[in-house]
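Below is one structure, written out as structure tokens; the observations come after it.
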Amino acid sequence: MTYARLVPQLARLAILLIVVTFVLGPLTVAVFGGFKTNGELLASPFGLPSHWNTEFYSALLNDPGFWKYLGNSLIISLSTVVLTLIVAAAAAYVFAQIRFFGSRMMMSYLLAGLVFPFATAILPLFIKVRDFGLLDSYWAVILPQTAFGLSLSILLFKTFFEQLPKELFEAAYVEGCGYIRFFWRFTLPLSTPILATVGVFAFVQSWNNFLLPLVVINSRDLFTWPLGMMQFRGEFLVEWNRVLAFITLTILPAVVFFVAAQKYIVAGLTGGAVKG
Amino acid sequence: MTSAASIHNRKSRSIFADLMSSKGQAVLLLLPPALLLFTLFVALPLFDAAYYSLFKWNGYGTPTDFVGLDNFRQVLNHGIFWESVRNTLIVLAVSLFIQLPLALGLALMIYEKTPANTLFRLVFFLPYILAEIASGLIWSFVFDGNSGVASAIFKSLGMDPVFILADRHWAFLAITLVVVWKYFGFHMMIFVAALQSVPKELLEAARLEGAKRWEVVRFVQVPLIGAAIGVSAFFAVVGSLQLFDVVIPLTNGGPSNSTHTIVTYLYSFGLTRNRIGFGSAVGVLLFLAAVGVSIFYQYQTNRRSK
């Protein structure tokens, strides 16, 4: 009896560990690779470094260009989060709280962004951004990226707002509280979980975005870290250890952030997925 | 839906009074920013794409060289375009028929709430959160024929190192492996959430009836999470259609343009060559494909819910 139960349990554990190796293997190779000399990297790409050389990591940490890339990404991501939260929550509040002629139609219009790939309109978007004179600026990334994230954000907000107790609004309305004031005073403060979810989502999307900055940003001063990383890769074509150190330093904050915020990420994912 | 609805629906005397009311002010203040942003940066570019696709245009000045459907004819007669379509379909097939079953199997193993399972879920979900571009770059080291992990494996087997990413036969398969690595955790998470919402009593009942473990999975759990599987499949298809970031650091479309996806094709042959009309035509085709997928998905979900 115990034997018959033990075998499937061991098989399950074995499968899970194989998948863990598959997932973490490349990541640990990258982390350790940044400590190895190129010679050692060539001879033994996996395994612990025989000597922990910190020079490749410290060279990056002392490079103002590296911090510039991270700073640009941070400014763009935070601006995107703020703009997304304000604009999407406001629109979702109107759809959830107010009935008016054309509301369903406008909502379907705003949700249409859920279905098609960002890349379909990338060329005209480039032209548009250029014609607005925004090319090679933070706004060239912030505005389109916020606009494309609106559909999902509005959907998440609207679903949440609709679950807030209706009696609250009735009471406030009788007391003479208008719609806009109610939004600021009650809806937003009661919605911190969904604000966190949408905010974390918008942040991760923006932090990782590559195609949009690639198309609308030219000068190195404004490079986000993914652009900087590709540039770095081009310059150190044969020095994989430096490139791996660069990758490690950029994904470490992402991993820390992920572990801290995973609750919200998963909530947004499953909320959006199940209701979408 | 109680008396709040009656407040909302109270008939106003005139449109003007309506607009000046608290309700009207809220609509006029809170809705336009979203409408404006979405219209300027999502809707208009889409219409522009349809318009530009009818011109031969390098992006400077205004488009004047009207060529009708010539751009579409060029795209559809381009061998590399069809290769990119084929590659995209391969990613799609791998996502649907390898990645999704893998994700489902793992979800079934670790959906129950125990500390160990939570840790496994966290690890499996991790690649999804990492930037595609960083993931692609890490794997391009793994696959590197000179110093990579793959070359070490080949050497230890006594074989000559193979430059996987420079090999027409292997390069695209390597890309699909990275895609699975990157996204299976995402689908697993959707399945885990769905499996956790299946009522425990149903599983108990099935077990009491004498159902074996796999029978519970086959006849109770999987049918009950059908909606989640549908959502997951939809995301897999839409995701395959827009694959770009991962491919750039791995192969950049090479060797000899054999590993393009539709979006890297659009980028390489439209944008970097200043062929706005041509690239827009590819964008329009991609848009039509996405719309087709959505309509099919809607149709399927409607049929299921009937």
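The backbone N, Cα and C atoms fix where each Cβ goes, glycine too.
Keep in mind that TrEMBL annotations are predicted by a computer and have not been checked by a curator.
Predicted, not measured: the structure shown is a model, and the values here were computed from it.
For reference, TrEMBL has these:
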- A:70-261: domain 'ABC transmembrane type-1' (DOMAIN)
- A:12-35: transmembrane segment (TRANSMEM)
- A:74-96: transmembrane segment (TRANSMEM)
- A:108-127: transmembrane segment (TRANSMEM)
- A:139-161: transmembrane segment (TRANSMEM)
- A:182-204: transmembrane segment (TRANSMEM)
- A:240-261: transmembrane segment (TRANSMEM)
Interface-richest range of A:12-35, A:74-96, A:108-127, A:139-161 toward the transmembrane segment (A:240-261), CB pairs under 8 Å: A:12-35
Chain residues in Cβ proximity to the transmembrane segment (A:12-35) (below 8 Å; excluding those fewer than six residues from its ends, i.e. six or more beyond): 41, 45-49, 52-54, 56-57, 240-242, 244-249, 251
Cβ-Cβ under 8 Å with the transmembrane segment (A:108-127): same-chain residues at least 6 beyond its ends: 91, 144, 147-148, 150-152, 154-155, 211-212, 215-216, 276
Intrachain residues whose Cβ lies under 8 Å of the transmembrane segment (A:74-96), provided they are six or more past its termini: 103, 106-107, 110, 138, 141-143, 145-146, 149-150, 153-158, 161-162, 183, 187-188, 191, 195, 198-199, 202-203, 205-207, 213, 224
